[in-house]
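**Student:** Please see the structure below; I have some questions.
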């Protein structure tokens, strides 16, 4: 098995042929689905994520560590295990409060080069002559870094573990990192496509990457804020950070990404010419007799305007209502206009744009929440006839009104808006 860790199912991992192996049952693989394994450490009781009382996980329980013989080299090992590098110090007793429950480790002896607290020599698990007043606490960042413009590094070059949660596939989701013994999210303050590119690269994706939201709120802590990647890093841990900003993340805006997306520039270039919406033609009309001195006038055409008629009364008393062409195949109109006669498309005809082209719709779609004019949601769509997927050809007299682009609101704080005026009755002349 050669999994990257990003697959949704085991059979998505590269593997040998089914039932072809040279193993016996003494080599059966096993897993634990808990992220907590023996020796995981966390910091508790501090004002920031990088300081607190040291607690270690063993045999299904969290417990504290006695501070006997603790020096800077011990703090360096724990800070390194938690993903920090640089400053490390042991804090005076009682600064982060007393723990409860088990005291799991005593007589810990580290040289300072170990990568995990379990690599240090220590006494028997759970055997100690200490009380909780001797619980050890450490700090992994100096106070000076909070008072200057220095940007500390959040993790060593390999970085913390990263995963995507809440998406519809393994290529998108809320970004979560594993620090201090917990999976936690990242505040989206300052989050951008450069950060997304690094996350996607670390997860093994090679296509385009964009910052995104809408993947829900994480259940764990917010580990990071103001992450600043250049986009060239291999791991998120190589990117600097300004640290956790509780004030800026009070609304729990968790950062997310989408990986292996098509470049936005390519998407723009691939749009068909007929999607050049919102263009209208000005027609010069000669001045009428009696308007001396006014010369020629400009008449504006509205190529996205549509009138809806009953087929049996076309050209008689006038149309039922107006509508707006919003794409080559769809017209937006009023549901109350159509509700009087039903949703059978064969009884309607539409006159499209200033060209006065007349078409018979293929489909009528009424908003599912429409309950009558007083109930709101007074919207309906008419599907125009198509030949091999092509409906209306745009030209100066026939064009669509502009709607927000599909990807314009993907990373926006507020959704784009569009206002379309629809007349539900007609008392004037035809289009």
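Quick reminder: no glycine exception, Cβ is built from N, Cα and C everywhere.
Note that TrEMBL annotation is computational and uncurated.
Dumping what TrEMBL says about this protein:
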DOMAIN    1-34  domain 'SRCR'
DISULFID  3-13  disulfide bond
DOMAIN    41-141  domain 'SRCR'
DISULFID  66-130  disulfide bond
DISULFID  79-140  disulfide bond
DISULFID  110-120  disulfide bond
DOMAIN    162-260  domain 'SRCR'
DISULFID  229-239  disulfide bond
DOMAIN    284-426  domain 'Peptidase S1'
**Student:** In Å, rounded, how far does the Cα of residue 79 (disulfide bond) sit from the Cα of residue 3 (disulfide bond)?
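**Tutor:** Residue 79 (disulfide bond) to residue 3 (disulfide bond), Cα-Cα distance: 29 Å.
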**Student:** Highest CB neighbour count within 10 A among the disulfide-bonded residues 110, 140, 229, 239?
**Tutor:** 140
**Student:** Which of 3, 66 (the disulfide-bonded residues) has the most other Cβ atoms within 10 Å?
**Tutor:** 66
**Student:** Would you pick out, from the disulfide-bonded residues 13, 79, 120, 130, the residue whose Cβ has the largest number of other Cβ atoms within 10 Å?
**Tutor:** 79
**Student:** Quick one: of the disulfide-bonded residues 110, 120, 229, which has its CA closest to the CA of residue 3 (disulfide bond)?
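**Tutor:** In terms of Cα distance, residue 3 (disulfide bond) lies closest to 229.
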**Student:** Per DSSP, how many helix, strand and coil residues does the domain 'SRCR' (162-260) have?
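**Tutor:** Its residues divide into 16 helix, 35 strand, 48 coil.
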